[in-house]
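*Asks:* Got a structure for you, written out below as structure tokens; questions coming shortly.
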Amino acid sequence: MISPFLVLAIGTCLTNSLVPEKEKDPKYWRDQAQETLKYALELQKLNTNVAKNVIMFLGDGMGVSTVTAARILKGQLHHNPGEETRLEMDKFPFVALSKTYNTNAQVPDSAGTATAYLCGVKANEGTVGVSAATERSRCNTTQGNEVTSILRWAKDAGKSVGIVTTTRVNHATPSAAYAHSADRDWYSDNEMPPEALSQGCKDIAYQLMHNIRDIDVIMGGGRKYMYPKNKTDVEYESDEKARGTRLDGLDLVDTWKSFKPRYKHSHFIWNRTELLTLDPHNVDYLLGLFEPGDMQYELNRNNVTDPSLSEMVVVAIQILRKNPKGFFLLVEGGRIDHGHHEGKAKQALHEAVEMDRAIGQAGSLTSSEDTLTVVTADHSHVFTFGGYTPRGNSIFGLAPMLSDTDKKPFTAILYGNGPGYKVVGGERENVSMVDYAHNNYQAQSAVPLRHETHGGEDVAVFSKGPMAHLLHGVHEQNYVPHVMAYAACIGANLGHCAPASSAGSLAAGPLLLALALYPLSVLF
């Protein structure tokens with residue numbers, strides 16, 4: 001076995017050789033800092049325009065450690081060391097932190113958090129679109145405790161609205177935009193207990209089609225929850241698990257079609273080819289359901305049947321932006337979370353890189369003069385990377401040392417808990433004996449669990465566009481939709497608004513500027 005001291009010595013030599021020549025010159029760093037300072041000084045000219053459009057990107061489980069690791073991966077995919085790379089979200093001028101706890105949970109789940117950042121109120125874990133007065137799985141605590149979302153506020157203001165996700169369209173994050181449910185797992189009536197059904201509660205897929213009937217764009221997975229039980233799936237005809245689940249016999253795709261005016265162009269699609277051949281100018285309503293359940297991981301995607309997140313976002317914006325009153329679009333990179341839960345860091349990080357690609361595409365189709373874009377996460381994960389790795393070390397590679405306890409190597413990426421806990425012959429598994437670069441490799445964890453857990457630390461909030469400066473410090477998570485509504489002059493945020501000028505800005509004047517900067521807690 002190689003001596004740990006020899007490994008460290010080799011690592012030191014390699015580290016010195018990996019420093020790019022330009023970075024050895026102090027002028028490189030000074031010039032870079034001066035450019036950053038110049039940009040920061042320009043931010044003193046605040047953008048107080050009305051946000052005609054609002055786009056919210058939600059990286060499910062995209063904690064700060066995931067953002068950093070995704071940044072390195074993005075650079076390495078372009079054959080760079082990686083650490084110096086800038087994600088699209090890194091370019092946003094304003095950054096805040098969001099406190100993610102649920103009303104009854106120190107470490108949150110994705111349902112209670114979605115209610116916070118979409119509806120503006122904190123809620124109990126496992127519940128969507130309801131206040132903390134609703135208890136999980138108790139249908140009879142729902143009525144009277146429903147809360148509406150920024151998607152509803154935007155639709156009521158005449159804007160077009162859309163939902164794009166890589167999970168099921170009735171999963172926790174998107175469901176808080178339109179549903180009111182005591183349990184996030186009530187995907188269809190097949191997943192609901194008899195008591196809840198008898199008390200009149202509706203499943204989330206049903207609510208998607210009935211609560212806000214004119215959502216302009218809906219894209220993601222979740223086909224099977226829309227069809228009667230045992231109905232064969234259009235793509236996976238021989239797969240019993242892909243068949244319809246509904247006990248009430250409803251075909252919710254037909255329901256969706258029936259609610260659309262005949263003079264409007266409505267399209268239901270189920271594969272990538274259909275999506276990319278659409279003419280957005282001839283689409284008023286779009287329902288795209290590309291998988292029976294969640295969509296495929298980016299690394300596993302079928303390029304014929306499965307669109308990427310960025311492809312869905314481009315089409316969604318092309319459809320929504322036709323509305324002269326603007327739009328609200330919720331985009332979820334939902335499978336970042338799933339990759340982490342499975343201990344598959346490579347899957348999770350490639351999902352994060354794809355979401356960042358979608359952020360870039362959205363930026364190229366919109367202007368920060370009239371579009372507020374917010375990028376954040378619902379919660380973090382117990383995901384970390386370290387081990388004194390040298391510059392440019394593969395983010396999925398080994399640390400440059402051996403454990404001083406069991407004398408075995410370890411990967412830079414590790415989890416605090418999860419399915420990667422493995423004991424071989426009474427000892428920690430020797431990772432040099434396995435393919436730790438495999439797409440589905442499960443990184444080692446300290447505590448054995450079938451599913452890795454969320455983390456409880458704050459998450460980042462990146463913002464650009466009108467009123468983005470109002471996301472500026474450490475906030476409660478439910479503050480986020482209030483800022484978006486204020487910027488767009490929708491919902492309860494109309495008092496400060498005035499007819500827009502040709503540039504789309506708020507009426508000028510010190511009084512209105514002062515109001516824009518006044519603590520929002522006073523206004524709500």
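Using the three backbone atoms N, Cα and C, a Cβ is placed for every residue, glycine included.
Since we're looking at a predicted model, the values are computed, not measured.
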*Asks:* Check Swiss-Prot for me: it has D60, D378, H379 binding Zn(2+) 1, so pick out which one of S98, S110, S403, S432 it puts in that same site.
*Replies:* S110
*Asks:* Since Swiss-Prot lists D337, H341 for Zn(2+) 2, which candidate among H210, H438, H454, H469 does it give for that site as well?
*Replies:* H454
*Asks:* Given that Swiss-Prot lists F290, E291, D306 as binding Ca(2+), which residue among E195, E235, E237, E369 does it place in the same site?
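*Replies:* Among E195, E235, E237, E369, only E235 appears alongside F290, E291, D306 as Ca(2+)-binding in Swiss-Prot.
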*Asks:* The disulfide recorded in Swiss-Prot for C139 goes to which of C119, C201?
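*Replies:* Of the candidates C119, C201, the one Swiss-Prot pairs with C139 is C201.
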*Asks:* Consult Swiss-Prot and report which candidate among C119, C497 shares a disulfide bond with C489.
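*Replies:* Between C489 and the options C119, C497, Swiss-Prot records the bond with C497.
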*Asks:* Take the mean position of the Cβ atoms of D60, T173, E332, the recorded Mg(2+) site. Which other residues of that chain put their Cβ within 8 Å of it?
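*Replies:* Counting only non-site residues, the set is L58, G59, S110, A114, T165, T167, H171, A172, P174, G333, G334, D337, D378.
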*Asks:* Taking the mean position of the Cβ atoms of E235, F290, E291, D306 as the Ca(2+) site, which residues outside that list, in the same chain, have a Cβ no more than 8 Å away, listed in sequence order?
*Replies:* G221, R223, W270, N271, R272, L289, P292, M295, Q296, N302, T305
*Asks:* Of the recorded positions D60, C201, E332, H454, C489, which one sits closest to E235 (Ca(2+) binding site) when you measure Cα to Cα?
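*Replies:* Going through D60, C201, E332, H454, C489 one by one, the Cα closest to that of E235 (Ca(2+) binding site) is E332.
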*Asks:* Take the mean position of the Cβ atoms of D337, H341, H454, the recorded Zn(2+) 2 site. Which other residues of that chain put their Cβ within 8 Å of it?
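*Replies:* For the Zn(2+) 2 site, the extra neighbours are D60, G61, S110, H338, H340, H379, H381, H451, E452, T453.
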*Asks:* When the number of other CB atoms within 10 A of each residue's CB is tallied over all shown chains, which of the disulfide-bonded residues C489, C497 has the maximum?
*Replies:* C489
